[in-house]
Amino acid sequence: MTHRDDLFSAPIASLGDWTFDERVAEVFPDMIQRSVPGYSNIISMIGMLAGRFARPGTQIYDLGCALGAATLAMRRTISHGDCRIIAVDNSPAMIDRCRRHISAFHATTPTEIIEDDISTVPIENASLVVLNFTMQFLEPAQRQTLLNRIYAGLNTGGALVLSEKFSFQDQLIGGLLFDMHHDFKRANGYSELEISQKRSMLENVMLTDTVEVHKQRLVEAGFGHAELWFQCFNFGSLISIKPESGQ
């Protein structure tokens, strides 16, 4: 059962910083659908990408898996029985619900769900790694190191999907897309109070980068091919491929 997100519908005296606690986990499916434009498209396309990039005998990582939406989408399209998905999140509330959610659906692809820090979890023999709206919650100083580790753990020909909320160098365009995102949330039933309170809680926790900064980091990590494949307002997703020799 999906619970409606009304966490911020009444004034909160002391907001504090955002955490992925039990209250957020309970309403997360509704929250993200109503807050992130294009989220359903990205999830379904991640499933399609898994069908293309998964290789027998390899591992697929869903880093910052939340309740497992991307993991489920990938399991539906992977045809190799000996390909394993490893889903990782550091929130106990998210991981608990993710385990219950994943176990409710039968699939032939083995799936391991781990409560751990994505900055330190080993990445090995990977054909696909997914960071779906996760990097933006890491300290900026940790981001390049994580990408370097992902690149090292990917097999040649493997891919990284990196979905994020973006900031923009062009202030006019950035302001327009920011306003359009708020229009999107209003259209999905969020009040001005809800939008304002959630933004206040996120502003010290979710630190966004421009597409250009993301691409620069990916190139520095070693990815020979990196491009934006999806964008809706100030949300989007990049795909990066670890090149075969000579590519």
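Backbone N, Cα and C define each Cβ position, glycine as well.
Here is what Swiss-Prot says about this protein:
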type: BINDING; residues: Tyr39, Asp89, Asn90, Asp117, Ile118, Asn132, Arg199; note: S-adenosyl-L-methionine binding site
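Structure with Swiss-Prot features highlighted.
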{"residue": "Tyr39", "record": "S-adenosyl-L-methionine binding site", "CB count, 10 Å": "19"}
{"residue": "Asp89", "record": "S-adenosyl-L-methionine binding site", "CB count, 10 Å": "26"}
{"residue": "Asn90", "record": "S-adenosyl-L-methionine binding site", "CB count, 10 Å": "17"}
{"residue": "Asp117", "record": "S-adenosyl-L-methionine binding site", "CB count, 10 Å": "12"}
{"residue": "Ile118", "record": "S-adenosyl-L-methionine binding site", "CB count, 10 Å": "24"}
{"residue": "Asn132", "record": "S-adenosyl-L-methionine binding site", "CB count, 10 Å": "25"}
{"residue": "Arg199", "record": "S-adenosyl-L-methionine binding site", "CB count, 10 Å": "15"}
With DSSP assignments reduced to helix, strand and coil, which class does Asp117 (S-adenosyl-L-methionine binding site) get?
coil
Work out the three-state DSSP category of Arg199 (S-adenosyl-L-methionine binding site).
helix
Which of the three DSSP-derived classes (helix, strand, coil) applies to Asn132 (S-adenosyl-L-methionine binding site)?
strand
Given that the record lists Tyr39, Asp89, Asn90, Asp117, Ile118, Asn132, Arg199 as binding S-adenosyl-L-methionine, what is the largest C-alpha to C-alpha distance among them, in Å?
25
